[in-house]
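Student: Quick one: this structure, given as structure tokens, is what I'll be asking you about.
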Amino acid sequence: MQTFTPKIFNIQELKGLSAKNIEEHLKLYAGYVNQANLVLEKIKELSENAETNMGILSGLQKRFGFEYNGIRNHEIYFDSLSGNANTLKENSEFKKAFVSEWGSFEKWLALFKAIATTRGIGWAMLYYDKKEKRLLNAWVDEQHLGQL
């Protein structure tokens, strides 16, 4: 069975984020990878008698969504902290989208920081809606709610 393997990230010291915070999130990430693999293994095992194990399998599939999204959310998060980010160019379409939606990048950033301080387990997310061709902010409770 194919399994998930944790990625290695090159995260430098970051102003405003402690090394302990990063370390804790790396531990969470490793846990999501491990649990996703265990859940998939159990799903494969119980699928031999899917009809008999339907209730257990449905619970495991829900659990897998949580673990899988935990993997991918953390990979996006760590990739953005690993020095691979590009400078937002003044005349780029991306910058124009921030201005169109919020008036300026700075206004968006202030709002996004406010969203990111929401108490609880979850993620502040910036989405691009392809249908509407616009950027949107959202708070995503936990991660098993199907954001990916």
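Just so it is clear, glycine is given a Cβ too, placed from its N, Cα and C backbone atoms.
Under the heading domain 'Manganese/iron superoxide dismutase N-terminal', TrEMBL lists 25-82. Look at TrEMBL and you will find 92-143 tagged as domain 'Manganese/iron superoxide dismutase C-terminal'.
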Student: In the domain 'Manganese/iron superoxide dismutase N-terminal' (25-82), how many residues does DSSP call helix, how many strand, and how many coil?
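Tutor: Tallying H, G and I as helix, E and B as strand, the rest coil: 53 helix, 0 strand, 5 coil.
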Student: Which residue counts does DSSP give the domain 'Manganese/iron superoxide dismutase C-terminal' (92-143) for helix, strand and coil?
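Tutor: So the domain 'Manganese/iron superoxide dismutase C-terminal' (92-143) is made up of 22 helix, 16 strand, 14 coil.
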